[in-house]
Amino acid sequence: MISRPRKPLQRGAANAPEGTNGQTYVDKGVGQPDRLVRLWAPYRSSYISARSGERANKDPFLAAPEQSDEDALIIARGKTVYALLNLYPYNAGHLMVVPYRKVAELELLNDEETAELMSFAKLAVRTLKRVSRPEAINVGLNLGKASGGSVGDHLHLHVVPRWAGDSNFMTVIGGTKVLPQLLKDTRTLLAQAWAEIVEEDANA
């Protein structure tokens, strides 16, 4: 579990649901809605994710690098690829590594893109192990719509931390995923750890 000291929330409306303090969080970023409902539980707050209706016809992976790291939930930027949080994560810390260039097929990546994609995948795994200490990690590509890929025309590699029991009753039966931390806080922790690892490697 990724954790950090809690910050006090601003007080909201007096008639807000107990524990929410009238606070609503809106995250921007990249991701496609699925069948799961995300229950963001760190403060029992009201939590909504920005929907991409107005951007439905745009490639979110081309739009993300044009935003700030904070708004796009970007963890790190490389020369040919970048890493960011999934707006609709399977688990807290669900990362994606994406080439800047719009490429649908793995074999269409050039050598530089291929090398940096795998380098970023390794850094993502190391970062997650340092910050959240998962019991396992899934790393993979969904190539094409039939594979389950939500953005089938722009290749992206998923790096998903896993824990025993993360597919429990709430997920399988209730269609609800409980996540322990806000995306913006997760992004900050992972970005800091990523930068530390890069610096350590440079000084090794």
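Keep in mind that glycine also has a Cβ here, set from the backbone N, Cα and C atoms.
Here TrEMBL flags 1-28 as region 'Disordered'.
Look at TrEMBL and you will find 61-169 tagged as domain 'HIT'.
Classification of S150 (substrate binding site) by DSSP places it in coil, neither helical nor stranded. Feature annotation from TrEMBL assigns substrate binding site to N86, G148, G149, S150, V151, H158.
Mean model confidence of the motif 'Histidine triad motif' (154-158) amounts to 95 (pLDDT, 0 to 100 scale). Among the features that TrEMBL reports, motif 'Histidine triad motif' is placed at 154-158.
The binding-site residues N86, S150 differ in how many other CB atoms lie within 10 Å of their CB, and the one with the most is N86. Break the domain 'HIT' (61-169) down by DSSP state and the numbers are 38 helix, 27 strand, 44 coil. Other C-beta atoms found within 10 angstroms of the C-beta of G148 (substrate binding site) number 10, with every protein chain shown included. For V151 (substrate binding site), other Cβ atoms within 10 Å of its Cβ number 19.
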